[in-house]
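One structure below.
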Amino acid sequence: MAQVFNFSSGPAMLPTEVLKLAQQELRDWHDLGTSVMEISHRGKEFIQVAEEAEQDFRDLLSIPSNYKVLFCHGGGRGQFAGVPLNLLGDRTTADYVDAGYWAASAIKEAKKYCAPQIIDAKITVDGKRAVKPMREWQLSDNAAYLHYCPNETIDGIAIDETPDFGPGVVVTADFSSTILSAPLDVSRYGVIYAGAQKNIGPAGLTLVIVREDLLGKAHENCPSILDYTVLNDNDSMFNTPPTFAWYLSGLVFKWLKAQGGVAAMHKINQQKAQLLYGVIDNSDFYRNDVAQANRSRMNVPFQLADNALDKVFLEESFAAGLHALKGHRVVGGMRASIYNAMPIEGVKALTDFMIDFERRHG
């Protein structure tokens, strides 16, 4: 079978080594004669899987001991509700930074529970889309927390700054598309959440990192499966968790540690992004409209000079084993998602194709 590189924004490519191991273990896990999908989540065998996965995740991000890690249902959208339901307390407002599609989606959900103070961080720099630096974010005095999205998958916009607003500001962030791709100072945040389907594992699992002093504040009507305290008190097993996604994510954590950890992966991700943006920037045929300071290393949207060629580009790239390059319906064009599991060889195959496509159609 010819090599295929999957540039999907999520569910995304998984490491080949992980898929091969999962395939080997699928029908007979650890000589039990059953699949890991079939064993009880409360049995000692799966408890070991769960504990190892959490410890490996903690090791990868150097998560401080005063933070809890929760393995949840609901995806990022579930946490759009989970954050206000757990953190508002007796306050009625929170600060929300709007820098793109997913930040705006979080704001829309938050409006069901509070009156969000919206910080419009979208700006233009030299004709390209950008984000205001954090020092220009105007925070309100009465906000229960601050929420932002460090990486916008659709817009291809990243906020790489580390928040430093002082101990009185509870910072929450949607790291769904950038978790484990670069070093992260967890201690600067109150809550970090991430859907698994981009840099962690398959869809169906959501990880939440929550500072323990923020537990016990959930709204009385908060659904139990979104209540951080309930989930923590039950070791993320208040109801049956997505066990197969949890298991596969654990394999990804071990794979990532074997690659040298997050710092090593960050260097590779920088190389991949530089390679792809380099081809775009050195061409009049392709363009990216995000200012360099805010370009995403995970999701690279680009347009062709003649959008009439979009269909041809997608057909030819797919035939060449370069899949899922169609841009989001909101913005059109192309998008290459190059998460941790995408090898640099995949990006090189894409850039070689792009150069050849321009030669033939430019």
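Keep in mind that glycine also has a Cβ here, set from the backbone N, Cα and C atoms.
As recorded in Swiss-Prot, the features of this protein are as follows:
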- Ser9, Arg42: L-glutamate binding site (BINDING)
- Gly76, Arg77, Trp102, Thr153, Asp174, Gln197, Asn239, Thr240: pyridoxal 5'-phosphate binding site (BINDING)
- Lys198: N6-(pyridoxal phosphate)lysine (MOD_RES)
Exercise. Do you know offhand how many angstrom separate Gly76 (pyridoxal 5'-phosphate binding site) and Lys198 (N6-(pyridoxal phosphate)lysine) by C-alpha?
Worked result: 11
Problem set entry | Listed binding-site residues Arg77, Trp102, Asp174, Asn239, Thr240, filtered to Cα within 10 Å of Ser9 (L-glutamate binding site) | none
Exercise. Between Arg42 (L-glutamate binding site) and Asp174 (pyridoxal 5'-phosphate binding site), what is the CA-CA distance rounded to a whole number of Å?
Worked result: 29
Exercise. Near the Cβ of Gln197 (pyridoxal 5'-phosphate binding site), how many other Cβ atoms are there if near means within 10 Å?
Worked result: 24
Problem set entry | Residues near Asn239 (pyridoxal 5'-phosphate binding site) in space but at least six apart in sequence (CB under 8 A) | His73, Ile225
For this session: Look up Gly76 (pyridoxal 5'-phosphate binding site) in the DSSP assignment and report helix, strand or coil.
Result: helix
For this session: Can you tell which of Ser9, Thr153, Thr240 has the least company, meaning the fewest other C-beta atoms within 10 angstroms of its C-beta, among these binding-site residues?
Result: Thr240
